[in-house]
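Q: After the structure tokens below, expect a handful of questions from me.
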Amino acid sequence: PQAWGQHEAPRRVKRAWVIPPISVSENHKRIPHLLVQIKSDKQQPGGVIYSIKGPGVDEEPLGIFSIDKFSGKVFLNAMLDREEHDRYRLRAFALDLGGVTLEEPTDLEIIVVDQNDNRPLFRQDVFTGRVVEGAEPGTCVMTVDATDADDPDTDNAALRYSILEQGAAGMFSINATTGEICTARPGLDRETMGVYNLTVQAADMSGDGLTTTAMAVIYLEDINDNPPEFTKEEFSMEVEEQAAGVDVGKVFVHDKDLAGSPSWLAKFTILEGDPEGAFAIRTDPHTNDGVLSVVKVGRGQPGVPRGSRDSADPWPLPQPLDHEVRDRFELTVSVQNERPLEPSAPGSPRALATVRVRVRDVNEAPAFRENPRRISVLEGTPPGTAITTYTASDPDTHQLQTLSYALLYDPADWLQMDPHAGTVRTKRELLHPSAFLQGGWYIALVLARDDAEPPLSATGTLSIEILEVNDHAPQLQPPAGVLCGRPGRGGTLLLGATDDDRPPHGAPFHFQLSPQLPQLARNWSVARFNGEVTHAVLAVLAELPEGPYSLPLLLRDSGTPPREQLQLLNVSVCHCGRDGTCLDGALAAASAGAGITLGALMIIGLLQRSRDDMRDNILNYDEQGGGEEDQVSRAPAPRTSRNSSMRWVRARPAPPSAQSPGADGDPLSPQGLEAADSDPSVPPYDTALIYDYEGSGSVASPLSSIVSSLTDEDQDYDYLSEWGPRFRRLADLYG
């Protein structure tokens, strides 16, 4: 051996020192247990020191393996668990007694052999699955799965699945290898059994080893395979007449499908017995019963079967429930589910029911069939005139009742009412204008009351249109004005009018020079102003001297019949400047914006002529001689004082002996005009009026009243004293 060892030294050492893997079963209980003996032939026995290092020796887990340092025997000192460590890789060393390495370190691999010491484990204790009822066989529901900690390459981890318990029906099967659970037979019915509890098992060693169990819970999902059914064929209810939007009663149904699901929720329809659509039926979402109600009056829904409407549908209904019209209803009601019924589901003999509703009679309030009642009455209708009869009707035709009437609201106290007949009469004249009229209408309220116990009442509105009567003629506004006396250059004046009557008895207005004095048209014209219906333009046709003029105008409205009135327009003619403005005396001052009133301007004219003490010529009047010499007549008059008044007087010729034929007091009479025109001692005249002084205390109106609407009592006239001597007298009067 020694020689052989020397001859083959390199190969023999290598082969002797290489250690093949060592296998040891886990859970080995007899310890210490000799695993292997290693040795080196470099020296004689007893001359080598052996050692091992690595996990299980000097590394965690410590102390599992050890070696006899002299003999080289390796021992197992503890039980092994393959699931913790399936192998250990150690290093073996050989040294001489002096500690010198005899051999290179070599690997020592210890393989832990698996034993079936672990049961399978399901991933969860309870598995849950769902399948619709009536599912075909082979419909897969769920998969259960388990694990095994043993070596997956051995039968120790080869699992097989099975169903240990599921009830007598055996409705489900399981794939032994994959754990998939599927339906095995037809006939799953949720209404018969809604939940299946299966006990499933997993076993290793291909089903012959260790086992474990879990629960598989399968829920059946509902389908609409059961129609809803009425609990009985007939239902009876009662409701008061005139009720609206109230529940009458319930119809009860039963459905075997899952409560709260669309397959369970019922939908009701009134098929017959309600042609007016007076009733509606809805579903109580909690009980699934049908709730019959009276539709709110005036609402409904077209195109929907009668009775299936709810209170939000817009379809007008003719009348509310009325015992006198119809005292009972017999309705045919159907029921079905919100979700369509499965084709395989059987029909129900109780899908229809009869609902009898009795309408109970109650006292009803009277009603005005015409509300509001509109009538028209002429203004000024005398008191006691019957204008209408406004009565109500009592819906309670089966009860003997009497109605009485009273005025509930009559703000102007214009009316009176017969409490039995309902006749309305005027108590006083109804006139325009009135604060109680709204747009020409007078509103009153009438109360009708029955004599039941307790009594009921109704209110009717009486709208009275007060028809306008043309009882006012138009009034000239303003009644005076100032214009230049030269045609075409400021010789115009804008005229207006108002009328107390309401349309159509007011505008448009017609302005006309007095037809009784055609000679006025020689010097004056009146024309409509730019198409306006309330204004006209007065224009001079011939150059006129300065002074006041009084023109009789005829104003007519557009009423039926029209009303007209002859009125005087007081015009002050001034001297015209180049631009058509008043420049002479006080009128010039007015045109300059000094704020002088027309009355003051007239006085300026008087004061100018008083400088030469000519007091007999006070004011000028319109002289309408077309192409003739228009002059101012003069008449003697007393000196004016601060308290003197300007008066209108009848025509007076210049010579005292020539009395005019117009002495009858009519200042516009043709006789007075003729006398003035035929008098040879004076120039021709177009008018019969001359202003003159009549003395203080005259009952005639002062001339200043002609233009009273144009005066301003708050005007400050102190500045007149600054205009020079010609305005000193005026400053004394107005300052």
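The backbone N, Cα and C atoms fix where each Cβ goes, glycine too.
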Q: Of the residue ranges 300-321, 498-519, which one carries the region 'Disordered' annotation in TrEMBL?
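A: The listed stretch tagged region 'Disordered' in TrEMBL is 300-321.
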Q: Going by DSSP, how much of the domain 'Cadherin' (16-122) is helix, how much is strand and how much is coil, in residues?
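A: Split into helix, strand and coil, the domain 'Cadherin' (16-122) gives 2 helix, 45 strand, 60 coil.
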Q: Going by DSSP assignments with H, G and I as helix and E and B as strand, what are the residue counts for the domain 'Cadherin' (240-368)?
A: 0 helix, 45 strand, 84 coil
